[in-house]
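Heads up: the structure comes next, in structure tokens.
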Amino acid sequence: MHCDVCKTNQATVFLTQIVDGKMQKVNLCEACSKEKGVTDPTGFALADLLLGLGAAQEMERGGTVQKCPACGFSQADFKKTGRLGCATCYTTFADGLAALLKGMHKGTDHVGKVPARLAKSIEREVQLKTLQRDLKKAVASEDYESAATLRDQIRHLDVD
Amino acid sequence: MAIHNILNNTGEWLRGEGPHHQIVVSSRVRLARNLKSFAFPGWAKKHERLQILEAIKPQVEALTEMNDAFSVYSQDLSALEKQVLVERHLISREHAAKGVGSAVVMNRRQTLSIMINEEDHLRMQAIRAGLQLKSVFKMIDKVDSALEERLDYAFHPKLGYLTACPTNVGTGMRASAMVHLPALVMSEQINQVIQAVNKIGLAVRGLYGEGTEALGNLFQVSNQTTLGEKEEDIIARLHKVIEQIIEHEQNARQMLLQKKPNTLLDHIGRGYGILRHAYSMNSKEALNLLSFMKLGIDLGFFPEGCRQPIDELFMETQPAHLQKGTQQKLAADERDSLRAEIIRAKLNEFPRPDVGLPPTSSAPDGNGSQN
């Protein structure tokens, strides 16, 4: 059996992992397993490795954007490295990433820790979105009284 | 603090005793963080990496937790020194390969270690002996909260902490426990356990990741996903699973004591015999035999005083630890004889396994592991 990465050497390291009921197998040769850090107890997750194998296509299917405007990182670079270039890449390649992340994680939204400094502004953003949605509804149903209140609330939030 | 202070003193987690420390060697939690306006280390140009490093390093050194820290640029560490840190799980293998543009900062007790410009701008971890994931998480969470006040993290309202690798996005957290499971391996139940653990989205790896045949019967259990679940929930889930694994291991030990006492004693006796009398031993053999000694101590075949020397040998017989004393690179066969020599010296005073304990009938209190 040949190594999944270099496709030339004989595979000697066999990895199997089941994530949420999906079985994933990778066969590697000695050199590639070392290079990929399979022997590194801290850095290695099989998904990292798989990312480089199947994930690139997923990304490509997702979007047409070729390069991140912030850092110049391209889809081809992702294919090569399995890593992203910068924080903005998450926005640039959002469409492709969405499918990738969905298959990789438990959920699609972060529910954990939020940096204290950002917590306020994020909360406000969520509030703002809710108010705007309610305002639209109010206008659509010609409930102008509520709409006026909502509009004032939105203004108030914007000023803060 | 100088490097030799770190090299000559093993970390607290190697000596320390924690809850369930017989089976759970250590608990570790690491967080991945990045700065907002810089490219991730793997993509950043060298001058940008240096900029990032100089933005982060002083802030890390200024942490109260780091007031007696060892802080060093990657290029100022020798390959051997880096390897020692890898063997102690204080830096990753990937970080050991870094040169100019990276650094590591760790506290004196070696319970905290912060890598700068590894795969992410910041990789910070806390590690302690025994099963104490919750307190380890608290420790690193506190460091993270202190740093976020001074550094602009890359954080996305929907996706959470942004990381170079999409597998870490969200919490950026990987929590893991290193567990010693000789009886589950001996009784061939380990694969079932691994499969069961995998099914609920947790990963099991060997000490050095080589498939499932873990060296020294040591396994690392960790969370695999980071998005869509709270840190505390991930920790709680992992904790629960580890408790179950401990129970399985304990049951397997009792089972072996009752049903296959001779197999068990044979493993422990051979381990003792070979370790005491070998003149050449590679690190794989050493780890596997030390594992049987550790089991023998857990089961009361050796006095409790033997525990620390054996635990120390797990680390001291690793290739880089072996060579740090000699100050020169040794060939493989030289290492093997040195390793055997160190082990013989340490086990010189060890009594023979006390098999007077009646393992053939059931143990007096139904539990041979009391001590």
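Cβ coordinates are placed from backbone N, Cα and C, and glycine is handled just like the others.
Remember, TrEMBL labels are computer predictions, not curated facts.
Quick look at what TrEMBL lists:
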type     : residues                                         : note
DOMAIN   : B:23-252                                         : domain 'Phosphagen kinase C-terminal'
BINDING  : B:26-30, B:His89, B:Arg123, B:174-178, B:205-210 : ATP binding site
REGION   : B:349-371                                        : region 'Disordered'
COMPBIAS : B:359-371                                        : compositional bias 'Polar residues'
Could you say whether, by DSSP, B:Ser176 (ATP binding site) belongs to a helix, a strand or a coil region?
strand
Secondary structure at B:Arg205 (ATP binding site) (DSSP, helix/strand/coil)?
strand
When you measure from the Cβ of B:Val29 (ATP binding site), how many other Cβ atoms are you left with inside 10 Å?
29
Mind looking up the mean pLDDT for the domain 'Phosphagen kinase C-terminal' (B:23-252) in the predicted model?
93
Select from B:Ser26, B:Val29, B:Arg123 the binding-site residues whose C-beta atom falls under 8 Å of at least one C-beta in chain A, and return them in sequence order or as 'none'.
none
Using a Cβ cut-off under 8 Å and a sequence separation of 6 or more, which residues in the same chain sit near B:Ser176 (ATP binding site)?
B:Ser27, B:Arg28, B:Val29, B:Gln220, B:Val221, B:Ser222, B:Asn223, B:Leu238
According to DSSP, does B:Arg123 (ATP binding site) fall in a helix, a strand, or coil?
strand
B:Ser26 (ATP binding site) CB neighbourhood, other CB atoms within 10 A:
24
